[in-house]
Amino acid sequence: MAHNGVADVQLKAGSAYGMTVAVISASWNADITDQLHEHSIAAAKEAGAQVSEWRVAGALELPVAVAAACKRFDAVVANGCVIQGETEHFRVVCDAVTYGLTRAGMDSGTPVGNGVLTVDTHEQAVDRAGGVDAKEDKGRDAAVAAIHTALVLRQIERGV
């Protein structure tokens with residue numbers, strides 16, 4: 001699914017056959033994260049990947065779980081939803097999660113799809129969660145990005 005500002009990367013059915021993918025999603029803001037989680041799993045399975053899934057409490061718990069999964073899986077997808085509140089907590093959480101997910105991928109060499117929404121309002125999250133009439137599907141996008149990157153890394157390793 002192509003969106004304004006998002007690369008038009010698509011996976012062919014079966015292109016990830018034999019690949020293992022972990023989908024780890026926060027439980028906080030479950031009306032949003034449940035959709036992100038389900039859509040990430042669906043995208044990975046459509047590509048032929050073997051999927052394992054877990055839930056953690058909130059976005060701050062994602063980096064450590066993702067780092068552990070990076071040791072055992074070909075690609076990892078992290079989903080969550082952080083909505084701006086009245087304090088600096090939003091910025092602190094967003095920065096920590098983004099840094100942690102990026103570090104997990106860089107330290108391990110395993111692609112991490114970042115499906116953590118960082119939005120000002122619940123309505124913005126709904127528009128990005130892939131539901132009916134949503135403008136975007138960030139859960140699917142994160143899975144596709146992680147799997148596509150894993151496939152590119154395989155090509156690089158083979159010198160193709």
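Heads up, the Cβ atoms here are built off N, Cα and C, so glycines get one too.
Per Swiss-Prot, the features are:
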ACT_SITE  His89  active site, proton donor
BINDING   Trp28, Ala59, Leu60, Glu61, Cys81, Val82, Ile83, Asn114  5-amino-6-(D-ribitylamino)uracil binding site
BINDING   Glu86, Thr87, Arg128  (2S)-2-hydroxy-3-oxobutyl phosphate binding site
Between Glu86 ((2S)-2-hydroxy-3-oxobutyl phosphate binding site) and Leu60 (5-amino-6-(D-ribitylamino)uracil binding site): CA-CA distance (Å): 18
Listed in sequence order, residues with CB under 8 A of the residue listed as 'active site, proton donor' and six or more positions away: none
Residue, out of the binding-site residues Glu61, Glu86, whose Cβ gathers the largest set of other Cβ atoms within 10 Å: Glu61
Assigned element (helix, strand, coil) containing Ile83 (5-amino-6-(D-ribitylamino)uracil binding site), judged by DSSP: strand
Among Thr87, Asn114, the most crowded of the binding-site residues [Cβ within 10 Å]: Asn114
For Asn114 (5-amino-6-(D-ribitylamino)uracil binding site): DSSP state (helix, strand, coil): strand
Neighbouring C-beta atoms (10 Å sphere around the C-beta of Arg128 ((2S)-2-hydroxy-3-oxobutyl phosphate binding site)): 23
Three-state secondary structure, which DSSP defines for Trp28 (5-amino-6-(D-ribitylamino)uracil binding site): coil
Packing count at Cys81 (5-amino-6-(D-ribitylamino)uracil binding site) (other Cβ atoms within 10 Å of its Cβ): 28
Cβ neighbour count (within 10 Å, all chains shown) around Val82 (5-amino-6-(D-ribitylamino)uracil binding site): 23
Among Ala59, Ile83, the one of these binding-site residues whose Cβ has the fewest neighbouring Cβ atoms within 10 Å: Ile83
Cβ-Cβ neighbours of Trp28 (5-amino-6-(D-ribitylamino)uracil binding site) (radius 10 Å): 17
Distance [Cα-Cα, Å, rounded] between Ile83 (5-amino-6-(D-ribitylamino)uracil binding site) and Arg128 ((2S)-2-hydroxy-3-oxobutyl phosphate binding site): 13
